[in-house]
Amino acid sequence: MSASTSSHRPIKGILKNKSSSGSSVATSGQQSGGNIQDVKRKKSQKWDESSILATHRATYRDYDLMKANEPGTSYMNLQDDGEDSVRDVEGEDSVRGVEGKEAMAATDASDHSCEVEEEESNEAYMRKLLLHKQEKKRQFEIRRRLHYNEELNIKLARQLMWNDLQSEDDENEERPQATNEEKTAAEESEEAPLSGGLQTQSCDP
């Protein structure tokens, strides 16, 4: 009985077999007509988490949009009271005539001076940025040299420590001979008062 049921089941694997998936859908469709629509609906409802995460746009991200840092443009403010105000402005321009042209020339000159100042400020900013980069590079090279010299410094420190230990060992070897002579002299000096003290004590009783 188990052999007959295992022969009807398709072999499950990672890759889909086109013939087995088609036959299983066909057999399930024959069993119930509504199941085909359910299967299609279920397939369409599958979510791909990686695509959701890739297309999800958080509100805090600005997506590196450029921000315009341009100076405001100069313009003439007109009132929207009607045609009379426009005629008044036109009339004033015709009356002023030369003054208006001079004002426009002055506005153009001020725009040009703003552009020159902006270019100068950009140049100053670029110079400052260049100096900052050069300073960072110089500091990096100094730190790198110090780092690479660290191995040599460690070797030198070990050599100095070895020399200090050797000199201390040499001093210790010389000291025991001197201390042995001092100890014998000190013992002799201590023995002399002790023997005299013993004699005085023996006389008293």
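Even glycines carry a Cβ here, placed using N, Cα and C.
Taken from Swiss-Prot, the feature compositional bias 'Low complexity' applies to 19-34. Residues or ranges marked as compositional bias 'Basic and acidic residues' by Swiss-Prot: 84-102, 174-186. Under the heading region 'Disordered', Swiss-Prot lists 1-51, 70-114, 165-205. Residues annotated as region 'Required for binding PPP1CC' in Swiss-Prot: 12-17, 43-55.
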Is the region 'Required for binding PPP1CC' (12-17) packed against any residues at least 6 beyond its ends, judged by a Cβ distance under 8 Å, and which are they?
none
Considering every residue in the region 'Required for binding PPP1CC' (43-55), what is the mean pLDDT value?
68
Per DSSP, how many helix, strand and coil residues does the region 'Required for binding PPP1CC' (12-17) have?
0 helix, 0 strand, 6 coil
